[in-house]
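> Okay, these came from Swiss-Prot:
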TRANSMEM  3-23  transmembrane segment
TRANSMEM  59-79  transmembrane segment
TRANSMEM  93-115  transmembrane segment
TRANSMEM  150-170  transmembrane segment
TRANSMEM  178-198  transmembrane segment
TRANSMEM  200-220  transmembrane segment
TRANSMEM  240-260  transmembrane segment
TRANSMEM  274-294  transmembrane segment
TRANSMEM  326-346  transmembrane segment
């Protein structure tokens, strides 16, 4: 892609997200979402082939449908309340339709079907943007709407997302699809805690983005996209294999790594609000995710194929210009748990 065109696209993507996050008026927020959607399409089609074209088409049709639903909800709310303010979504029908539209944009269940297909059809870098940056704008709107949303609908979507995110990833061999189902599962945790403590939703989002960025950068640097290619990682890049192993354990929420922090705080918040069954169900369903993370670790770190000494030395001569951010990301991905008391004090 032309560097000038790419810089313009990325600037527009950043601006669209920023407009939505800073908006208190529904019309400007909707405009930011549309900028975000339209600039994401050429990013998905960075390499022109039938699979990326199909993925971009699916993304466009799903997001356009969600945008129409959102505009319909805004119109209904305007008719009944005369308000364009995001925090004044008082009409229950408009609130429910807007909630479903934003859930579709986020890719949470039962509106999740486009996420694995689109992620699998594109390269690792567009997939990384899709599963990280594209969550910011819709979730910022849900954060502002938290007071007026239908909590039962949020709980249902959250529990379904955790279940489907774990269940769907069990039988996958493609890493992009596994990370897509992981994204759906994490989105379920964020949605469930939203009515109780929106700040914890933002904390979970920040740590999820940090972990997902780390994994995608490791996979991009080792040119790994499937489980079969994971088995060669230890022979080629042992250092990155160890990084991948610890980051996957952190993504699964295993103590004492960073990914345990939001799960610990969210379960504590739910039990503090006399909700016992829900956090127990969430923790049990998350074991499905832990299973396929462990399977990835087994293939990458615990299975070593026969190799020659020449093959073992290749990791010393690989191009390292794209790995400058990795040490910082990996450190943050694995060592934030000691800061948990400070985070609790800030709530």
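Cβ atoms here come from the backbone N, Cα and C positions, even for glycine.
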> Using a Cβ-Cβ cut-off of under 8 Å, list the residues of the same chain that are 6+ residues beyond the ends of the transmembrane segment (150-170) and lie near it.
92, 95-96, 99-100, 103, 108-110, 112, 116, 177-178, 181-192, 194-195, 278, 281-282, 285-289, 291-292
> May I ask which of the stretches 59-79, 93-115, 178-198, 200-220 has the most CB pairs under 8 A with the transmembrane segment (274-294)?
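Comparing 59-79, 93-115, 178-198, 200-220: 178-198 has the most Cβ pairs near the transmembrane segment (274-294).
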